[in-house]
């Protein structure tokens with residue numbers, strides 16, 4: 001017997017059985033062919049559902065709950081259905097089931113199908129769907145399963161493209177399930193740019209397009225006549241993750257802004273750990289051939305020349321350029337050589353210690369306000385040892401992250 005249930009009354013036990021984990025209950029699909037509807041291999045689940053169903057990610061009142069959200073692969077027309085084997089009843093159980101439907105309706109735009117036949121008939125019209133906006137980049141990736149190269153394209157779109165506004169409303173619903181702190185953006189603000197990735201695929205001799213992922217970028221105004229694009233959201237849909245699309249997308253976006261004389265540099269809003277790893281890889285790939293990053297210059301230390309060249313040529317900001325320098329310098333450093341590795345360690349730690357030094361200054365200020373006997377020398381000592389340990393830990397962590405970037409670069 002489950003320990004959790006053992007202390008409960010029979011009624012409470014019965015109700016506990018009517019709890020469903022919403023991350024498992026929600027079943028997502030990107031549908032290309034009618035047979036995908038029955039194929040369990042095409043189903044994927046959310047990573048998060050707390051923004052819709054609360055922190056415990058539970059829906060109460062159903063057994064065997066399934067929340068089906070199926071999308072046509074290209075234009076993302078939606079089928080939304082709820083299925084369950086049984087539901088609590090107000091008359092008998094004196095409790096009310098959660099209104100799952102209205103919670104989902106809050107985030108998916110109206111105009112969805114509720115039955116499969118309507119959805120399948122929409123699927124037949126999918127051959128008319130074409131990507132929005134302007135083609136920026138085409139690339140192909142070899143697919144082991146299919147035994148062939150698959151072609152992908154990246155487009156830049158905006159709200160003036162016919163049908164794009166409605167399409168974007170359907171697309172952004174995925175953010176809720178895959179980005180921990182997602183929010184929908186104000187599409188009426190014209191400073192948003194949208195970059196979309198599509199896969200080309202064949203169906204009955206025709207070429208169709210499937211949605212792979214996208215990125216939104218906001219153009220901040222910088223006085224007097226420049227802009228600073230800031231990456232806001234980026235999502236590669238789960239069936240396509242781990243294939244290198246994120247890197248293609250980010251590099252394409254950098255190249256797009258590189259050609260614009262009014263852009264200062266590109267930043268990101270509250271980047272996730274995965275995004276930082278991706279950005280490290282893309283920026284190092286872009287920078288490695290710049291003259292200012294030659295091995296000789298790397299060994300002379302971080303310079304203004306690097307900052308200027310990376311910003312002017314590649315629209316990379318100073319902070320990110322510093323990381324690129326550290327990664328490329330690691331590649332040029334023989335870490336087996338005591339002198340070289342010591343010099344590298346000191347160089348990186350000097351940057352890492354910046355925030356600690358600031359904290360130290362703040363502490364010193366505080367100390368001036370306290371009576372000397374309240375502060376003991378011991379405290380300072382503990383502080384320094386702890387600081388040294390934390391610094392060494394941060395350094396080791398960075399080096400292992402940097403090595404991963406360099407490994408990926410060697411394979412690219």
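Even glycines carry a Cβ here, placed using N, Cα and C.
Heads up, TrEMBL stuff is auto-annotated, nobody curated it.
Listed in TrEMBL:
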type	residues	note
ACT_SITE	269	active site, proton donor/acceptor
DOMAIN	18-180	domain 'Histone acetyl transferase HAT1 N-terminal'
DOMAIN	279-330	domain 'Histone acetyltransferase type B catalytic subunit C-terminal'
SITE	192	site 'Interaction with histone H4 N-terminus'
If you run through the domain 'Histone acetyltransferase type B catalytic subunit C-terminal' (279-330) with DSSP, how many residues end up as helix, strand and coil?
41 helix, 1 strand, 10 coil
Position of peak Cβ density within 10 Å, selected from the recorded positions 192, 269:
192
In angstrom units, rounded to an integer, how far apart are the Cα atoms of residue 269 (active site, proton donor/acceptor) and residue 192 (site 'Interaction with histone H4 N-terminus')?
14
Averaged pLDDT score, the domain 'Histone acetyl transferase HAT1 N-terminal' (18-180):
94
